[in-house]
Every structure is written in structure tokens, then in C-alpha cells.
């Protein structure tokens with residue numbers, strides 16, 4: 001009969017009673033030692049064979065199993081005197097304050113008790129409400145100085161961390177004195193509390209009697225939980241828990257013998273406190289108020305609490321996150337020639353990682369050859385598994401034997417092959433695209449190869465980043481990874497609904513060089529670039545022009561070969577500096593919808609992209625076409641032609657752009673920042689005017705003529721007006737630099753097309769750095785009444801407060817360099833602090849939201865069925881599948897319908 005599967009309904013935690021500890025114990029431990037001189041476990045010692053065995057050749061005396069099979073068994077130590085369990089110290093204090101010192105009843109009247117029990121029934125299982133009631137009961141009972149049940153006087157109890165309780169008593173004369181409550185007295189008081197009162201103090205009589213919080217018996221964990229290790233020198237090193245238990249047993253034995261010998265109370269109390277210290281640090285070695293237990297080397301011991309807590313602890317380190325097999329990690333390198341959904345895997349890794357493949361009649365011959373190749377020859381196999389589940393390791397001497405035995409139904413653990421599905425991940429994994437499924441491409445050398453377009457979701461660069469690769473081991477896992485996680489399914493970001501996997505840097509500059517006005521290519525170049533990009537065409541289109549008998553094709557015509565044949569889209573791109581020219585084209589399209597190609601070419605302008613039926617008629621390609629976040633063209637291809645077509649387009653367009661940029665040349669150097677004399681004169685003029693403006697503002701402030709901005713003081717008004725004047729000066733200087741450098745300048749091309757950087761960066765390189773700021777204000781910290789000694793005290797002028805008039809090209813003065821370093825320092829500190837804060841915030845958020853899910857009715861619920869949101873995200877829309885927050889783009893549907901109808905005539 002099959003075993004009936006059961007679902008866990010709930011888990012209850014309780015406290016172990018002394019009886020339970022003794023019952024589950026296999027041996028009482030009395031000897032504070034581990035092994036004898038022969039290296040054999042001592043009976044009654046901490047490595048007693050009844051607690052399990054870890055040494056090969058020995059058998060467990062409790063279950064009879066050998067090392068590796070025996071799970072280990074608990075032991076126990078009978079404590080000579082009770083000690084407080086540090087984890088319950090605060091709870092004990094609360095319970096002592098709430099109950100009578102004589103009769104043990106809770107210090108509430110019978111009517112109040114009845115009323116609170118009724119309230120508990122009403123709250124049911126709502127934890128927060130219950131906790132509130134328990135807090136209220138404690139507050140009320142604590143203030144009662146006479147027991148309502150037996151009438152005996154009560155005394156306040158002071159708790160001294162970590163485990164000391166004082167009763168503030170009064171003598172006959174009314175003088176207050178402190179009486180220390182030893183753990184035995186505490187335990188006696190807790191024993192008096194009747195079971196019926198326990199729910200009112202938040203305890204359950206069956207699972208957690210209060211006196212169990214004071215230990216009389218200490219459980220000793222199994223040997224398997226605290227194994228010894230043998231060092232290279234042959235010396236045995238014990239686990240931290242074993243060290244601590246040795247201390248506990250040694251002091252416990254001393255305390256026992258002193259009690260039996262009738263030693264003075266003072267000595268007994270000292271030893272008792274020492275036992276309490278050892279038990280406390282055994283449970284938690286980070287208890288505040290006492291020094292941590294340390295090794296001879298000074299390293300604090302890792303005891304029970306430290307094994308569970310924190311990032312390296314049992315929960316986060318071994319349960320939520322654990323190390324896995326079938327994974328690899330190495331440095332990443334760029335490879336523009338592989339597809340976005342591929343990953344280049346080094347041959348060494350492909351031969352080490354395996355995929356289990358079942359032998360069928362279809363793949364029998366292929367797998368047989370792999371078995372014959374063995375582990376040393378690629379493509380081979382490392383193991384085979386027979387139908388009984390026996391693993392056979394393939395070695396040079398058994399390859400032919402195993403290959404002969406191989407039959408349908410066996411499993412071969414073969415090397416990674418091209419096309420296998422693997423998971424690729426870069427840490428920190430901040431969003432779901434930090435781990436995606438790629439197809440294997442086995443390659444030489446020792447680094448993973450990654451297509452450049454896939455860097456943004458991983459936030460990867462190639463300055464030494466390492467990435468992880470995981471190999472799914474079952475067909476189900478591979479299918480799941482392929483369907484849910486493959487790279488092309490994540491081109492659109494779920495954050496903002498625009499492309500995240502897109503052309504970057506060189507791809508965008510190259511796209512511009514290919515498609516800008518006046519870019520023409522000869523037949524040999526066209527054939528080369530199409531072959532390089534992997535574009536399959538039956539024959540080349542007609543040349544755009546013939547010059548001196550040479551056929552020339554425009555970059556726009558070549559780019560059009562990559563586009564779907566019925567794609568129509570138009571938009572203003574980043575290069576649209578002359579709105580009038582863009583408006584002329586928009587008007588033409590509005591009037592005719594499908595204007596004549598020649599009409600469009602007559603008005604064509606790099607700043608306005610117009611694609612009609614798969615032909616690029618106007619505009620250069622920049623970040624607005626297939627860049628990250630902005631890529632309108634890529635976005636349309638994903639949504640209207642599917643992710644596979646988008647992958648093909650992205651693969652081809654990036655290779656094409658790389659061919660153009662490498663063959664036509666694209667360099668940026670220091671001479672890109674050279675400005676003519678008249679430009680430098682104009683910039684100096686702008687700086688002079690700005691400084692004069694600032695001086696006028698300071699004068700107006702000192703003469704009391706400055707009008708304060710509403711809500712700001714005079715000083716704040718002055719500062720904000722100075723900041724505005726200096727920011728305007730920097731922007732004007734930037735415009736001058738931009739005008740003189742022009743679109744023939746490669747640095748400007750990068751900034752204007754959105755490939756890399758902004759015009760501000762060029763301004764700072766060529767014109768001037770401008771005002772340095774800390775927290776949005778001018779620099780003000782430094783010497784008294786001035787930032788640096790190079791300026792007069794009280795000088796509020798532009799240069800004295802961090803205005804840098806030089807550019808990187810012209811070089812900064814020492815004062816300017818110092819000001820610039822002040823601004824830069826803030827950026828570094830800010831980055832470091834933000835990273836830590838956002839990481840911790842994300843962890844808390846994940847922990848809070850991890851068990852919420854969207855049900856089939858569209859609501860978001862927690863596991864108990866409580867509704868968190870009636871519609872996911874308040875609108876129920878997935879940004880990946882929506883059009884700017886709408887479920888459908890009506891204009892686009894109308895446009896496509898009209899185009900189809902016009903096409904049919």
C-alpha cells in the first residue's frame with residue numbers, strides 16, 4: 001500500500017522539559033574530556049560512542065550504525081544547581097513581575113481574569129491582538145503591590161542583564177534593601193504558578209511551563225553536530241561547542257563536589273555564577289553585559305546562537321542560500337559574434353559539467369560514441385547510470401566494457417554540448433534578469449563569453465567581473481528555463497516596459513555612422529558587412545547612386561535590409577535640433593500617411609526617423625532606435641513581430657554597427673576637446689559676466705537690497721541665486737563648446753546619439769567644470785569663515801566657494817583641484833552608503849513579500865488567503881506586455897489597419 005502523503009498544517013514550538021531532555025538522552029555526560037591517550041572516545045565523555053560516531057571503523061553504541069550512517073544522539077548533563085536560560089531571561093522577568101511571590105497566582109482579581117479570558121476567545125489566533133492583551137495584563141499585574149488572592153505584600157523586581165534578578169525588599173524599619181534571587185529561588189517561584197493562569201502570561205502549560213526556562217538538565221548535542229577535525233600536525237582540534245561543554249562539565253563537577261563537601265556559601269555562589277556564565281555563553285556568545293568566551297588565540301567562540309544568526313548562519317547560509325553542484329564560475333569576456341541568448345563556455349568547464357541524458361533508440365549511437373570518448377576527450381561522458389541506479393565512473397580502462405553494456409534505459413552523464421540550456425547569473429542578483437537562461441557555445445580559452453547587449457540586465461562589464469553558470473539536470477528544468485528564462489523573453493524590462501537588452505555604446509555610435517546623411521558604401525563593403533552581420537539576402541537592392549562608374553549604397557538602404565518588410569514607424573530622435581524640419585516631415589505624413597519616397601527624401605533630416613514598409617527613408621539611427629529604455633524601433637519589433645525576430649534584429653544590427661565603427665574608424669582623444677580661440681574668448685566672457693553677476697548679488701545682500709524668496713532666509717536666497725547664476729554660466733559655456741565642436745567631433749557624436757556620456761561631460765572636458773557642490777549647496781566647510789586659506793575671510797565670491805573656471809583640458813589650479821576633490825568625495829561616500837542601505841531595504845522587502853502571490857481572480861493574497869491588493873499593482877497591468885501602461889495602443893492598431901488597407905489600394 002502506498003504511504004498517504006500529509007500536508008503540514010502547523011508547527012508548534014515549545015520548551016524542552018527536564019523529563020524530555022532525559023528521555024531523549026542516550027547517556028549522561030560527566031567527564032569533561034573527549035579522547036583517551038590512545039585516541040579512543042572516553043565513556044561518559046563528550047565524544048561517548050552512545051552519542052554517535054564520526055571516526056571510521058567505530059560503531060555507534062545506541063543504533064549500531066557506522067560513521068556516516070548514524071545520525072547522532074543527544075546526551076545530557078545534570079546541573080548541580082539550576083541556571084537561567086539566557087534566551088528566556090526577559091520572559092522570566094515579565095512572569096515574575098506578573099505573579100504573586102507567595103501563592104504563584106497572577107496578580108489580577110477573578111473578575112479581571114474572567115474578562116481577559118473572554119477577550120482571548122474573541123481575538124482567536126490573531127497574534128498582534130493577543131500580544132497587546134498580554135502586554136496590558138503584565139502592566140496591570142506589575143503595578144499591584146498586594147496579591148488579590150492571598151493578600152501577601154509584593155516587591156518590585158529589578159532585572160540586571162543578562163541573568164540576575166533583584167527583589168527590592170523593605171525591612172521592619174521601612175528601609176529598602178536589595179535581595180538577589182538565585183536561579184533556584186526563581187525556579188521555585190515559577191513552579192508555584194498554576195496551569196490555568198499561564199495563558200494570561202502568554203505560555204502554554206503543555207508546551208512551555210515557566211520553570212522549564214530555568215535549566216536543571218542541559219542537553220548535550222550529538223557528536224555529529226560538533227565533529228573534531230585532525231590538523232596536518234596530527235593534533236585533534238575540537239569544535240567550539242565541545243570546548244564550551246568541557247568548561248560547563250568541569251565547573252559543574254567542581255560545584256557538585258563543593259556542595260557535597262559543605263563549602264562556604266560564598267564559594268558555592270562564585271562557582272554557581274561561573275556555571276551560569278558558561279551556560280549563557282554556550283547558548284549565546286554575544287550576550288551584552290558579559291565578556292565573550294574566547295580561544296587562546298583571542299577569537300570568540302561560535303556557539304549555538306551564532307550558528308543560527310546572520311548571513312553565515314544556518315538559515316541564511318545553509319537553508320535560504322546554499323552551495324550547489326553542477327555550477328561553474330570564471331571571469332567574463334565580451335564576444336559580439338555570439339547571439340544574445342548564447343554564452344561562450346570554456347572547453348575545460350564543458351568537460352567537467354555534465355548533463356544526464358537517457359539512452360533511447362534515437363540517441364543510442366551518439367551516446368555510445370560519447371562513452372567511448374570518456375572523460376578526457378570532448379565530446380565525451382564522465383559517468384553512466386544503469387537502470388538499477390548504480391553510478392559507473394568512466395575511466396580509460398573501462399570505456400569499451402561500459403560502451404558494450406550500454407543499453408536503452410541507461411543514463412549517460414555527458415559533457416556540455418552546443419545548444420544545451422544553462423542558467424547564467426551575476427551577483428548581486430537585484431532583479432529577476434540577474435539570472436537568465438542561455439544556450440551553450442563551447443569555446444577555447446578560459447573565460448565565459450557574453451554578448452555586449454546582455455550586459456545591462458546583469459550590470460556586467462569586463463574589468464574583471466566574474467559570473468556563475470548552472471546546468472539544469474532534468475528535462476523539466478531545462479524546458480522551464482527555456483520557456484521562462486531565455487534571454488530574448490526579457491528584452492522588455494518589467495520595470496518600465498522598454499527594452500533593457502539593447503544596443504549599447506559602440507552599437508549606437510556605429511548605427512549613427514552607418515545611417516547618417518552622406519554615408520555611402522561600395523559593393524565590396526556592402527557584401528562584407530552583410531556577411532559579417534549574418535544578413536541573408538538573395539541579391540542586393542538597386543544602388544542609391546553611381547559616382548564615377550562606382551555603384552554606391554546608402555547606409556539607410558543597408559540598414560533597411562535588417563527590418564521586417566511591413567514595418568512602419570516614425571518619431572523624433574535625439575538629434576532633432578531643428579524642430580521646424582521635423583514638423584515638415586510630420587505634416588507630410590499626416591497629410592498623405594504613405595507619402596511618395598522621393599518627397600520624404602527631399603525633406604529627409606537626421607533628427608527625424610521615418611521607416612515606411614521596412615525602408616529607412618529619413619533620419620539617423622541613434623539610442624532612440626534600439627538603445628536601452630528609449631529603443632522605440634526595438635520595442636515595436638518585440639511587440640509586433642515576436643521575441644525571436646527581435647533577437648535576430650539585435651544580433652544583426654549590433655554586428656553591422658561594429659563592422660562600420662571598426663572599418664570607418666571612430667576615435668576619441670584629447671584633441672576632441674580642442675576649441676578655437678574665439679570659442680575660448682566667448683567662454684571667458686561668460687565666466688566674467690557670471691562672476692560680475694555674483695558680485696552684484698553679494699553687494700545687494702550686504703546693502704540689504706536683496707529680496708528674500710518666499711520660505712527662505714536672506715542667506716538661503718543669496719546662495720540659491722548664486723547657484724542659479726553659476727549653473728547658467730556653465731550651461732552657456734557648454735552650448736558654445738557644442739556649437740564649435742559640431743557633429744564631426746566623435747565625443748559630440750557619442751553624447752548626442754546617446755551612446756555614452758552627456759554634453760555636460762564634454763563641457764567639463766573642453767569648457768569649464770563649474771560650481772562644485774556638497775548636498776546641493778556651495779562649499780562652506782573648511783577654515784573659519786573661508787574654505788581655504790587662499791581666500792580672504794568672509795569672501796562669498798564665486799571662486800572662493802568652489803566655482804571652477806578651468807576645464808579638464810586646461811587643467812585645474814591647486815585650489816580648484818581641492819574643491820573638485822571635495823565634491824568627488826561626497827559622490828564616493830554617497831555611493832557606498834546607498835549600496836548598503838538599498839541592499840538591506842531589498843532584503844527586508846523580499847522577506848516581507850516572499851509569500852504573496854497573484855490568485856486567478858487577479859487579487860494579491862498571502863498564504864492564509866488574506867487579500868493584500870484587489871488588483872495587482874492597483875491596475876493589474878504587466879509593464880512588459882502593456883503600451884505605456886495601457887493594455888493596447890489604439891493609435892498603433894488604427895495605423896497598421898490603415899496601412900494595410902492603403903497597401904491593398
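Just so it is clear, glycine is given a Cβ too, placed from its N, Cα and C backbone atoms.
Because the structure is a prediction, the values reported are computed rather than measured.
Pulled from Swiss-Prot, these are the features on record:
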BINDING   60, 63, 70, 73  Zn(2+) 1 binding site
BINDING   100, 103, 147, 150  Zn(2+) 2 binding site
BINDING   461, 463, 465  Mg(2+) binding site
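In this structure, the binding-site residues 461, 465 were compared by how many other Cβ atoms lie within 10 Å of their Cβ, and the smallest count belongs to 461.
The number of other CB atoms found within 10 A of the CB of residue 70 (Zn(2+) 1 binding site), across every protein chain shown, is 23. Residue 100 (Zn(2+) 2 binding site) has 73 as its nearest neighbour among the binding-site residues 63, 70, 73, 463, 465, going by CA to CA distance. Cβ proximity to the Zn(2+) 2 site centre (mean Cβ of 100, 103, 147, 150, cutoff 8 Å) flags the following additional same-chain residues: 101, 102, 104, 105, 107, 148, 149, 151, 152. Cα spacing between residue 150 (Zn(2+) 2 binding site) and residue 73 (Zn(2+) 1 binding site): 46 Å, rounded to the nearest whole number. When the Cα of residue 63 (Zn(2+) 1 binding site) is compared against those of the binding-site residues 103, 147, 463, 465, the shortest separation belongs to 103. Of all the binding-site residues in the record (70, 73, 103, 147), the one with the smallest CA separation from residue 463 (Mg(2+) binding site) is 70. Ranking the binding-site residues 63, 100, 103, 150 by C-beta neighbours within 10 Å puts 100 at the top.
A Cβ within 8 Å of the Cβ centre of 60, 63, 70, 73, the residues given for Zn(2+) 1, is found for these other residues of the same chain: 26, 50, 51, 52, 53, 61, 62, 64, 65, 71, 72. For residue 461 (Mg(2+) binding site), the nearest neighbour among the binding-site residues 60, 70, 73, 103, judged by Cα separation, is 70. Summarising the environment of residue 60 (Zn(2+) 1 binding site), the number of other Cβ atoms within 10 Å of its Cβ, over all protein chains shown, is 24. Among the binding-site residues 70, 103, 147, the residue whose Cα lies closest in space to that of residue 465 (Mg(2+) binding site) is 70. Note: the Cα of residue 147 (Zn(2+) 2 binding site) and the Cα of residue 73 (Zn(2+) 1 binding site) are spaced 46 Å from each other. Remark: residue 73 (Zn(2+) 1 binding site) has 25, 26, 50, 51, 52, 60, 62, 63, 222 as non-local neighbours, by Cβ distance under 8 Å and separation of at least 6 in sequence. DSSP classifies residue 147 (Zn(2+) 2 binding site) as coil under the three-state reduction.
Within the set of binding-site residues (147, 463), the lowest number of other Cβ atoms found within 10 Å of a Cβ is recorded at 463.
Residues 461, 463, 465 make up the record's Mg(2+) site, and a Cβ search at 8 Å around their centroid adds 332, 460, 462, 464 from the same chain.
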